[in-house]
4 protein chains.
Amino acid sequence: MKEECGVAGIILPDDRPQSNAVAFKLYYALYALQHRGQESTGIMVHDGTSPKSIKGMGLVPDVYNKESLGRLIGNAGIGHVRYSTTGGSKIENCQPFVLNFKGGTVAIAHNGNLVNARKLKDELENEGRIFISDSDTEVIGHLLVKELIKHDPIESIKTVMRKLIGSYSLVLFINGAVYAVRDPFGFKPLCFGEVDGGYGIFSESVAIDTLNGTLIRDVRPGEVIVFPGSSFESYQLTAESHPAHCVFEFIYFARPDSIIDGKLVYKVRERIGRELAREYHVDADIISPVPDSGITSAIGYARESGIMYLEGLMKNRYIGRTFILPGQDLRETAVRLKMNAIQDNVKGRRVVLVDDSIVRGTTSRRIIDMVRKAGASEVHARVGSPAIIAPCYLGIDMATRQELIASDKTTKEVEGLINADSLGFLSIEGLMRALECDRNDMCVGCLTGEYPVEIPGEKCRKKQTRLDDFSKTKSSSQAVSSDSL
Amino acid sequence: MKEECGVAGIILPDDRPQSNAVAFKLYYALYALQHRGQESTGIMVHDGTSPKSIKGMGLVPDVYNKESLGRLIGNAGIGHVRYSTTGGSKIENCQPFVLNFKGGTVAIAHNGNLVNARKLKDELENEGRIFISDSDTEVIGHLLVKELIKHDPIESIKTVMRKLIGSYSLVLFINGAVYAVRDPFGFKPLCFGEVDGGYGIFSESVAIDTLNGTLIRDVRPGEVIVFPGSSFESYQLTAESHPAHCVFEFIYFARPDSIIDGKLVYKVRERIGRELAREYHVDADIISPVPDSGITSAIGYARESGIMYLEGLMKNRYIGRTFILPGQDLRETAVRLKMNAIQDNVKGRRVVLVDDSIVRGTTSRRIIDMVRKAGASEVHARVGSPAIIAPCYLGIDMATRQELIASDKTTKEVEGLINADSLGFLSIEGLMRALECDRNDMCVGCLTGEYPVEIPGEKCRKKQTRLDDFSKTKSSSQAVSSDSL
Amino acid sequence: MKEECGVAGIILPDDRPQSNAVAFKLYYALYALQHRGQESTGIMVHDGTSPKSIKGMGLVPDVYNKESLGRLIGNAGIGHVRYSTTGGSKIENCQPFVLNFKGGTVAIAHNGNLVNARKLKDELENEGRIFISDSDTEVIGHLLVKELIKHDPIESIKTVMRKLIGSYSLVLFINGAVYAVRDPFGFKPLCFGEVDGGYGIFSESVAIDTLNGTLIRDVRPGEVIVFPGSSFESYQLTAESHPAHCVFEFIYFARPDSIIDGKLVYKVRERIGRELAREYHVDADIISPVPDSGITSAIGYARESGIMYLEGLMKNRYIGRTFILPGQDLRETAVRLKMNAIQDNVKGRRVVLVDDSIVRGTTSRRIIDMVRKAGASEVHARVGSPAIIAPCYLGIDMATRQELIASDKTTKEVEGLINADSLGFLSIEGLMRALECDRNDMCVGCLTGEYPVEIPGEKCRKKQTRLDDFSKTKSSSQAVSSDSL
Amino acid sequence: MKEECGVAGIILPDDRPQSNAVAFKLYYALYALQHRGQESTGIMVHDGTSPKSIKGMGLVPDVYNKESLGRLIGNAGIGHVRYSTTGGSKIENCQPFVLNFKGGTVAIAHNGNLVNARKLKDELENEGRIFISDSDTEVIGHLLVKELIKHDPIESIKTVMRKLIGSYSLVLFINGAVYAVRDPFGFKPLCFGEVDGGYGIFSESVAIDTLNGTLIRDVRPGEVIVFPGSSFESYQLTAESHPAHCVFEFIYFARPDSIIDGKLVYKVRERIGRELAREYHVDADIISPVPDSGITSAIGYARESGIMYLEGLMKNRYIGRTFILPGQDLRETAVRLKMNAIQDNVKGRRVVLVDDSIVRGTTSRRIIDMVRKAGASEVHARVGSPAIIAPCYLGIDMATRQELIASDKTTKEVEGLINADSLGFLSIEGLMRALECDRNDMCVGCLTGEYPVEIPGEKCRKKQTRLDDFSKTKSSSQAVSSDSL
């Protein structure tokens with residue numbers, strides 16, 4: 001089951017009187033992270049003796065209300081927003097998972113996807129363990145609890161990390177403390193900051209901004225940080241020689257105002273537009289974004305090319321869940337309800353449409369047709385990512401290989417299918433220039449079909465040396481007190 | 001956590017095309033069992049490859065709708081309705097539990113209460129197992145799965161039953177078949193019948209009536225029945241020399257039109273009324289029930305005593321969830337909203353009020369005051385159960401010992417507190433005559449403080465010989481085909 | 001449009017500080033009157049300067065909540081519950097109507113049906129007036145406002161009453177005072193009582209009981225009572241020589257614990273049972289009600305006949321809105337979900353089933369079949385009302401003439417259609433004996449086809465003399481201070 | 001009561017079989033117009049015999065569902081979305097108003113505000129007329145019906161228009177035909193187009209785009225158009241010598257992709273930005289919009305000034321209804337939840353923030369503080385409208401004079417209050433250049449305190465000659481068949 005998620009954790013100093021402040025802050029943080037998952041959400045808060053939680057299907061403002069949040073007393077808590085592909089849409093998969101075991105309470109909020117989940121689950125099932133959900137996160141929970149009954153939390157997390165292959169940015173609550181954990185490749189983002197005298201750990205830094213806090217830094221690949229209350233300690237358990245940050249967080253998934261792994265997403269997207277302009281020049285009259293995802297790249301493209309930036313399409317800000325009249329013009333109405341061409345801006349003009357990516361290609365086709373119908377003389381498509389040719393196994397819900405329009409077609413063929421006068425996908429090199437990053441330090445599996453980790457039936461980009469690395473760095477684990485930062 | 005529940009299971013022959021018929025039938029059955037639990041409900045249906053389920057807080061018609069039920073395709077399924085004391089009211093406790101494990105899928109719907117749940121949970125937690133809910137049912141699930149990965153279902157159930165102490169009427173789904181399991185004492189009811197060419201297992205026979213089916217018989221204490229589709233096989237794994245059927249199912253919990261352990265509940269309640277009349281004669285003008293629970297006993301009382309049956313109180317049929325104005329007359333308004341005295345029927349009359357039981361006594365006091373205010377010259381309380389002096393540990397949500405008005409008071413003292421002119425609790429002997437049953441074959445723990453099973457800090461009614469019995473009967477396990485019934 | 005309704009009004013002395021007490025009391029009162037209408041409800045409260053109101057489709061506890069009611073500050077208010085036949089089910093028809101006009105605010109809650117509504121509406125439309133709803137009540141509102149801009153409230157109400165033909169029990173709010181108005185025939189019930197130092201006017205006395213108030217008396221046919229705060233004044237504007245109280249309020253519509261026009265409904269129903277027993281003796285083993293509506297009459301029948309009262313059918317207390325599986329056994333499941341035969345009580349027995357009335361006959365047929373299937377050797381139907389042969393034009397939602405099973409069939413024919421061994425409808429004379437009332441003082445239009453008022457195409461039971469009577473009594477209008485009662 | 005609204009009407013040829021197509025099209029159209037009102041919405045559809053309608057509080061997708069819309073059969077219908085200031089938020093004010101009168105059915109959807117509503121209402125109330133709502137629209141309804149019982153629709157509308165002073169763009173349904181009516185000044189927008197072989201009339205042309213229709217033209221000031229089905233006829237009843245189109249529709253209210261009175265809103269806003277740049281040059285590093293309303297003007301400002309366009313603020317796309325933690329930092333959290341500064345884009349930079357307008361100034365202050373906190377070295381505010389110094393009486397919900405920050409302060413004072421390094425309001429002349437329009441042809445009442453119509457206590461921009469004009473043009477009323485366009 002593919003899923004996209006946002007995670008959050010907050011702990012306030014324990015000398016502070018217990019209140020519902022953590023619950024309300026988690027609510028605001030999840031609201032700021034809503035774009036990472038709109039299907040279900042949950043918050044757990046712990047007051048030192050027992051956990052209290054709220055979970056539900058739907059958007060953040062639909063699941064919580066003032067009254068229910070007001071009852072969540074406790075100085076530490078974690079939260080989650082989630083989206084999943086059909087099939088996984090049930091209350092049992094809603095996070096955080098709150099697990100009671102011999103040693104107390106563990107709560108887990110997870111963003112990512114394990115590639116060895118099936119194998120780990122098989123092993124656990126062979127021990128007779130049972131699973132309530134379809135989620136990888138429950139696998140992590142089982143592994144963690146197995147260790148926690150024998151070892152301390154840091155040791156336990158370390159042991160579990162050695163078993164997990166794939167992407168995982170975790171916020172954990174274990175018996176009074178909150179933990180941040182990021183996989184050795186650092187696939188999915190995770191950062192932390194100072195919030196109201198305590199600490200907050202979030203998928204993206206916008207949550208810290210919303211809470212009027214101060215970003216401290218990203219959690220590093222392979223790092224575990226424990227937040228017992230008014231301080232924090234870091235354990236660099238292991239890391240790959242090359243990280244593998246997900247390029248799609250930068251291309252379209254994260255909010256543009258977030259800083260991920262030291263890079264402002266907005267800036268990356270603006271440079272993507274500039275690179276596109278350099279790679280695929282075309283004589284045109286206007287540069288228009290496909291709103292909202294193409295806006296920043298279109299600005300960059302216009303600036304680099306010197307061609308006028310002008311919005312040829314307008315988005316309806318109120319489109320959420322809606323239903324569509326059955327019938328032949330079904331999908332077209334859906335697109336027009338969401339987006340409208342501004343005739344005067346495109347009529348008789350050569351238009352460059354800049355979008356973040358093309359997955360199935362069907363929406364691109366409808367948008368280009370709409371711009372043509374509004375009178376554009378030419379429509380050139382420029383795409384802020386290389387062609388997606390392979391599925392993602394590491395936490396982005398894309399599509400199957402069969403559904404990906406570019407998986408078995410040339411750019412020319414795709415150009416024809418979407419009815420564009422010309423089509424340009426950003427090159428991987430261009431993308432890396434925009435990211436100011438080495439290709440070996442990003443995960444580009446969906447663009448190349450070569451993944452940083454071994455996936456059955458797929459190519460692996462390099463010899464796996466993770467376990468060896470791990471042994472070597474193990475001894476260098478060290479606590480860094482927050483004072484030394 | 002105390003809880004009351006209703007369970008349901010249906011399987012249709014597998015030569016029948018798969019449809020949503022089982023889901024809809026479970027919906028109707030749970031509607032018929034709604035009185036056993038109004039807090040949450042769930043249905044799981046299995047189509048041979050994967051389980052599909054719906055769960056939610058609320059009443060049966062609020063949780064399901066035509067569309068959602070229509071998607072539950074499969075020829076076997078189980079369902080549950082649940083009520084719990086505060087604290088246990090969360091979605092994680094909602095049944096049925098659907099457990100995925102090495103060997104496939106187990107789903108459990110449980111009615112009852114284990115007295116050794118804490119101990120079993122400790123043992124499981126010591127093995128590193130984790131728990132999502134507060135429910136005993138999850139303990140049973142863990143134990144069952146531990147066996148199922150090594151043994152066949154019947155052997156596994158047998159082993160688990162040896163470990164469980166307490167009450168449990170279970171409907172299980174294990175890999176394509178439905179199972180009915182009842183504890184060796186037969187505390188909580190469970191019966192099965194023919195439904196639409198297949199089988200249905202339910203807490204009460206009214207569910208069979210609602211589905212236009214035919215009651216076959218009760219599941220026997222200690223019996224396991226497997227329903228693979230168009231037939232069934234019985235395994236009499238173990239049974240106590242004396243069963244311990246819960247008297248309160250007959251006194252107030254079950255629907256009067258249900259047949260439980262061969263007895264029509266309505267008849268038992270009518271005889272309770274007759275016994276009460278014999279034990280506590282009083283010169284009076286009318287016999288009135290406290291509606292609805294006292295109706296049948298009041299009819300019996302009136303018939304035996306020859307005094308006129310006349311309703312002195314009327315119930316508002318629309319009272320469900322409501323909220324009450326804060327203030328001094330808070331609880332009185334709540335009682336008046338629910339019930340109203342019929343002045344003309346009680347004015348100047350000596351009234352015998354027949355109720356099923358007295359727990360805390362506060363409602364009794366308010367009702368008697370209401371009848372007095374309406375002009376009754378005398379109010380005599382007659383109670384269709386002996387005084388409740390001890391808590392229930394086996395599945396009825398009563399109250400703590402401190403809350404039970406009769407736990408430390410004489411009948412005379414209670415009479416004064418509820419403001420009755422006279423008060424009569426049915427004797428245990430009278431109750432047994434009404435039940436046409438031997439005292440040793442019923443659980444009367446709440447009436448005597450002696451329980452059929454060992455409970456820390458409480459008296460046990462007899463030397464426990466369960467395990468020995470069990471060993472002896474183990475060899476006599478046998479399959480009885482449905483043809484031989 | 002046919003509709004059934006309940007009305008309520010409360011006013012507290014104006015020396016009392018303004019609070020939301022009236023709003024909450026109206027809420028409880030409407031809860032007690034919920035049986036009179038389950039489709040929509042509204043409350044308006046006035047604080048001396050402006051009206052505040054809540055309206056909505058649904059049951060009382062679904063439309064209001066603590067927060068919304070808490071905002072309704074004011075010492076006077078009125079409320080309404082409503083049911084209508086399909087077509088009238090829209091928010092515009094939800095009462096009370098709150099009308100703003102030159103002279104201030106009028107609010108109207110109406111129970112009843114005007115037979116000259118169309119004519120009055122035509123006249124008003126000819127003056128160019130507009131109508132928002134389909135409701136007769138809006139017609140009354142227009143007529144009333146036309147007078148109020150020229151005359152004082154009592155004079156205005158008097159003039160309007162002269163124009164209205166049909167049934168109307170009204171609770172009005174006009175500029176600070178509450179008014180109770182009942183049509184000259186007194187078709188629909190209306191009573192008032194002392195409530196918390198002020199006054200409450202309600203369709204039925206159970207609302208007064210619920211508010212812990214004291215019933216003062218019924219509003220008399222043709223009476224107008226004004227409640228300015230801590231006192232009241234009566235104006236006997238006009239009355240027919242013979243009232244025409246609706247028999248069906250007593251037969252099935254009102255709550256049994258209500259006192260209507262001086263008669264306890266419960267007692268009337270019990271006597272109906274006795275009369276039935278006298279008119280239609282049959283050798284039988286048990287007398288069973290069709291629950292809940294037949295209970296009281298069955299008790300009376302059993303008492304008179306000496307045959308044992310025993311419930312052969314049990315009702316599911318949780319049946320509210322539900323949905324039914326499409327298919328052939330559609331309606332049967334609906335009936336079984338609602339009601340279940342108690343096999344042991346009816347098996348091999350000759351059963352007399354007592355019900356309140358038969359309208360279409362389809363449900364009767366299904367219930368009798370159910371009792372037969374449960375093993376009854378004979379099923380005799382006894383009906384607590386005469387055969388309904390004509391529609392109601394005065395406020396009870398029955399059916400069209402075509403739908404009424406008895407409109408064109410003999411009792412023998414109906415007996416066959418419902419599959420009864422014998423069938424007895426109470427005679428009109430028997431009904432009058434049970435009511436202890438003269439046939440000329442009740443409305444029996446649906447039983448005879450002769451109505452107290454002229455209805456186009458129907459017979460009128462007597463020469464209409466209303467307007468003359470009216471002229472004569474007009475001069476005798478007098479105020480009776482509450483002290484003189 | 002101030003309110004903002006969107007109106008819609010659709011009629012299909014009557015030779016087309018009746019279906020729910022009009023209802024679904026109205027649903028999509030209202031979705032496209034949702035920005036004009038988010039508080040309540042309604043749709044009425046007429047099938048030739050009777051109207052059917054749905055109304056409710058909330059957003060378009062919350063009020064309607066597939067099932068309820070599916071039942072609205074009819075080839076003509078109208079719809080409405082509405083926002084009002086507190087007090088008017090009740091179901092009775094929800095439009096369209098559906099009025100039944102002598103001559104049939106009138107339904108009205110109104111956008112605008114009458115300045116003589118009180119006077120007209122007084123006159124109507126003096127005739128004894130009653131009002132259900134607080135809305136001006138009901139006044140129009142009464143006036144219209146008064147005429148319709150004597151005259152034909154066009155004559156009636158003409159007579160009513162002579163009485164109305166203020167703004168009104170109306171979509172009417174009268175007995176089978178749909179009418180578009182716009183006040184003689186053309187304050188609020190209204191246009192129509194071809195939709196699926198019939199016609200659609202809407203507040204903005206985006207609704208036509210969404211329905212894949214073709215814009216025909218704006219309804220002209222003082223024009224009435226009747227749409228009987230497959231054609232239309234225009235009556236130019238009257239018009240002012242100078243229209244008075246609302247400038248705020250262009251400045252911020254309408255969607256940028258709408259064409260209003262022949263002008264693309266997007267282009268006007270872009271030119272506003274250019275004019276601002278010319279009027280208030282400042283040496284700066286980046287031009288940033290306040291999203292979303294300032295985006296287009298910021299693009300224009302950047303283009304004209306040559307300074308880099310860079311987004312310094314990012315908006316959370318998911319912010320809808322939310323609730324805020326009570327406490328001191330209440331409003332700040334609300335602003336941060338909605339908007340976030342992009343630190344890297346503003347740090348150390350001189351930022352020009354372009355917004356559409358400043359009303360109270362409190363949000364501006366918070367946003368500027370946020371940008372400063374993110375590190376901007378200077379923050380210059382540029383506002384795409386002149387200072388608002390007086391209230392709007394003609395349909396925009398602004399604020400009272402006391403609340404308007406600029407009503408009694410100099411630009412310098414406002415600059416200080418919002419903490420800007422410099423502040424520039426667009427001049428009225430600049431605005432007119434951007435609009436390419438004469439100042440005498442726009443309503444600029446809120447910017448000058450001089451209104452096109454007489455408002456008690458306010459100045460009027462010219463001698464009123466409306467009635468004379470009206471007499472003169474009356475004779476020239478003529479029907480223009482659609483063929484001649």
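Each Cβ is built from the backbone N, Cα and C atoms, and glycine gets one as well.
Look at TrEMBL and you will find B:5-230 tagged as domain 'Glutamine amidotransferase type-2'.
Taken from TrEMBL, the feature active site, nucleophile covers B:Cys5. Sequence-distant neighbours of B:Cys5 (active site, nucleophile) (same chain, six or more apart, CB under 8 Å from its CB) are B:Arg36, B:Gly37, B:His80, B:Val81, B:Arg82, B:Tyr83, B:Gln95, B:Ala109, B:His110, B:Asn111, B:Gly112, B:Ser203, B:Gly395, listed in sequence order.
Here TrEMBL flags B:Cys246, B:Cys392, B:Cys443, B:Cys446 as [4Fe-4S] cluster binding site. Counting every protein chain shown, 29 other Cβ atoms lie within 10 Å of the Cβ of B:Cys443 ([4Fe-4S] cluster binding site).
B:Asp355 (Mg(2+) binding site) falls within a strand when secondary structure is assigned with DSSP. Cβ contacts within 10 Å of B:Asp355 (Mg(2+) binding site), excluding its own Cβ and spanning all protein chains shown: 21. Per TrEMBL, the feature Mg(2+) binding site maps to B:Ser293, B:Asp355, B:Asp356.
Annotation source TrEMBL lists region 'Disordered' at B:466-485.
Residues annotated as compositional bias 'Low complexity' in TrEMBL: B:473-485.
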Statement: Here the 10 Å Cβ neighbour count for B:Cys446 ([4Fe-4S] cluster binding site) comes out at 27
- prompt: Can you list, in sequence order, the residues of the same chain other than B:Cys246, B:Cys392, B:Cys443, B:Cys446 whose CB lies within 8 Å of the CB centroid of the [4Fe-4S] cluster site?
  reply: B:Phe187, B:Val247, B:Phe248, B:Leu394, B:Gly395, B:Ile396, B:Val444, B:Gly445
Task: Please report how many Å separate the Cα atom of B:Asp355 (Mg(2+) binding site) from that of B:Cys446 ([4Fe-4S] cluster binding site), as a whole number.
output: 18
Task: Determine which residues of this chain, when B:Ser293, B:Asp355, B:Asp356 are set aside, have a Cβ within 8 Å of the centroid of the Mg(2+) site's Cβ atoms, and list them as they appear in the sequence.
output: B:Ile251, B:Tyr252, B:Pro289, B:Val290, B:Gly294, B:Ser297, B:Val354, B:Ser357, B:Val383, B:Gly384
Statement: All chains considered, the count of other Cβ atoms within 10 Å of the Cβ of B:Ser293 (Mg(2+) binding site) is 19
Message: For the C-alpha pair, I'd like the distance in angstrom between B:Cys446 ([4Fe-4S] cluster binding site) and B:Asp356 (Mg(2+) binding site), rounded off.
response: 15
Message: Counting only residues 6+ away in sequence within the same chain, which have a CB under 8 Å from the CB of B:Asp356 (Mg(2+) binding site)?
response: B:Ile251, B:Tyr252, B:Arg269, B:Val290, B:Ser293, B:Gly294, B:Ser297, B:Val383, B:Gly384, B:Ser385
Message: Validating a neighbour-count step here. Other CB atoms within 10 A of the CB of B:Cys246 ([4Fe-4S] cluster binding site): how many?
response: 27
Task: Could you please provide the mean pLDDT value for the domain 'Glutamine amidotransferase type-2' (B:5-230)?
output: 93
- request: Measure from the Cβ of B:Cys392 ([4Fe-4S] cluster binding site) and count the other Cβ atoms within 10 Å, all protein chains considered.
  value: 20
Message: Using DSSP and collapsing to three states, where does B:Cys446 ([4Fe-4S] cluster binding site) fall: helix, strand or coil?
response: helix
Task: Indicate whether B:Cys5 (active site, nucleophile) is helix, strand or coil by DSSP.
output: strand
